[in-house]
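What follows is a single structure, written as structure tokens, with notes after it.
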Amino acid sequence: MAQRIFTLILLLCSTSVFAGLFDAPGRSHFVPADQAFAFDFQQNQHDLNLTWQIKDGYYLYRKQIRITPEHAKIADVQLPQGVWHEDEFYGKSEIYRDRLTLPVTINQASAGATLTVTYQGCADAGFCYPPETKTVPLSEVVANNAASQPVSVPQQEQHTAQLPFSALWALLIGIGIAFTPCVLPMYPLISGIVLGGKQRLSTARALLLTFIYVQGMALTYTALGLVVAAAGLQFQAALQHPYVLIGLAIVFTLLAMSMFGLFTLQLPSSLQTHLTLMSNRQQGGSPGGVFVMGAIAGLICSPCTTAPLSAILLYIAQSGNMWLGGGMLYLYALGMGLPLMLITVFGNRLLPKSGPWMEQVKTAFGFVILALPIFLLERVIGDIWGLRLWSALGVAFFGWAFITSLQAKRGWMRVVQIILLAAALVSVRPLQDWAFGATHTAQTQTHLNFTQIKTVDELNQALVEAKGKPVMLDLYADWCVACKKFEKYTFSDPQVQKALADTVLLQANVTANDAQDVALLKHLNVLGLPTILFFDGQGQEHPQARVTGFMDAETFSAHLRDRQP
């Protein structure tokens with residue numbers, strides 16, 4: 001008897017295993033969103049805990065979590081740090097796995113108040129769910145005196161994370177600014193003033209006084225960074241508006257033009273004179289006097305330092321990050337002060353000779369500043385035009401560097417010239433494709449010609465108009481990574497296009513996830529994307545042919561041969 005039961009169990013297991021082995025490759029093995037991201041909440045007076053139990057093999061996007069109160073006031077919601085996840089289309093993003101607990105402090109809630117929670121996630125296997133929205137009913141909460149102003153979850157964190165420069169760049173920029181024609185010749189004079197004209201100070205004493213001077217200058221710059229970052233944080237949403245981004249890009253361009261020598265940008269001469277007189281009244285050689293001199297020097301901007309400093313300040317305002325703001329300006333001042341410290345200790349023998357090269361350093365920083373408006377405009381004009389602007393900047397910079405290097409007499413500069421010329425030729429490729437239409441022609445040849453639909457009625461009408469032909473419906477969204485992989489790798493394949501030559505191709509873009517999109521997905525019983533459906537000539541779907549998840553061109557071609565009606 002026991003042997004028969006054991007044999008029966010083996011047969012049942014074998015059946016399930018073979019069913020899994022020979023299951024359709026496109027059949028869905030993904031769970032509904034509520035099972036992938038089990039959401040729950042618990043409120044205790046002012047304290048509300050939102051929890052997500054995330055199924056193994058799935059993850060939530062940190063930047064897609066939004067919390068909106070209705071008839072309630074909540075404190076600032078601090079999203080915990082996630083783990084970094086990278087894909088080829090969206091780059092690095094922070095995600096949550098396993099479990100997420102999000103505490104929310106409710107300052108006040110009226111009767112009938114609610115909290116709308118929106119989130120979105122994907123599966124590691126290449127399947128993304130539409131944004132999920134949950135409504136959390138709130139118990140009535142009376143405001144207390146300590147209640148803070150209501151704010152919403154910061155939604156601009158992804159912009160901060162994507163800023164193109166780190167604080168270390170500020171240190172390098174500060175060092176570079178030290179070698180511009182407005183700054184470098186002043187260092188011997190500043191060194192003498194800092195030491196109070198005393199030539200017999202010990203090396204340690206001279207280094208200490210110079211360090212104190214640099215710290216005074218750094219204090220001024222750090223304070224500027226903190227103030228600007230705090231102001232940027234208050235107006236963070238406004239600073240992301242397209243008109244504001246365009247305005248900032250124009251300002252950055254003007255700052256770069258000043259570095260090219262088109263005009264001079266500096267503080268009014270009367271203010272500079274007043275600050276200089278204040279500095280001269282300080283006693284050189286004493287720590288207190290030297291510190292004040294450095295702090296005042298931070299306010300006296302020369303024509304060579306005004307534009308880079310203004311660019312960094314505007315950059316910090318965009319970030320709204322006070323730690324970044326203070327840190328960048330501190331490192332910027334430290335970079336400017338390092339050559340001064342070396343000159344004070346070792347003398348002028350370390351100081352390079354003045355010459356035209358200092359103007360070239362200033363011009364090079366103009367190109368660095370020009371990178372910032374392109375970074376800002378990419379959010380407005382898109383990746384394609386952004387690439388063209390980067391191409392134009394690269395051609396301009398490498399072309400200028402090549403022409404400048406022709407003045408050099410040393411033999412090894414010929415190698416540098418060849419490298420610069422090659423870099424310019426590589427940089428011009430996106431502009432060449434744009435001018436001669438190569439990219440457009442390639443896209444025309446490699447992309448399927450889909451007919452777009454939006455609603456259930458439009459789908460039904462398209463099925464009727466197919467007139468007996470088989471129909472393929474592709475459900476697409478910008479937030480679906482695998483959908484973009486389908487476009488780039490699968491739909492561009494000649495074998496796939498040939499197999500679909502006699503098929504009516506429909507596509508529904510559900511990026512907005514509005515009411516019509518939700519209704520369409522519900523009508524088709526679609527859990528997430530990518531999902532591709534196949535209909536026969538009578539407009540009836542073939543459920544066994546449905547594709548969920550990514551397929552490469554070879555697998556999809558085989559699926560079309562085996563499954564398509």
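Just so you know, glycine gets a Cβ as well, placed from its N, Cα and C.
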Q: Scan 163-183, 499-519 against Swiss-Prot and say which stretch is down as transmembrane segment.
A: 163-183
Q: For the domain 'Thioredoxin' (434-565), jot down how many residues DSSP puts in helix, in strand and in coil.
A: 61 helix, 24 strand, 47 coil
Q) Counting only residues 6+ away from its ends, which parts of the chain sit with a Cβ under 8 Å from the transmembrane segment (386-406)? A) 360, 363-364, 367, 370-371, 374, 377-378, 413, 416-417, 420-421, 423-424, 426-431, 434
Q. If one looks at the chain holding Cys128 (disulfide bond), which residues at least 6 apart in sequence have a CB under 8 angstroms from its CB?
A. Gln120, Gly121, Cys122, Ala477, Trp479, Cys480, Val481, Ala482, Cys483, Gly528, Leu529, Pro530
Q. Once the DSSP letters are reduced so that anything not helix or strand counts as coil, what is Cys128 (disulfide bond)?
A. strand
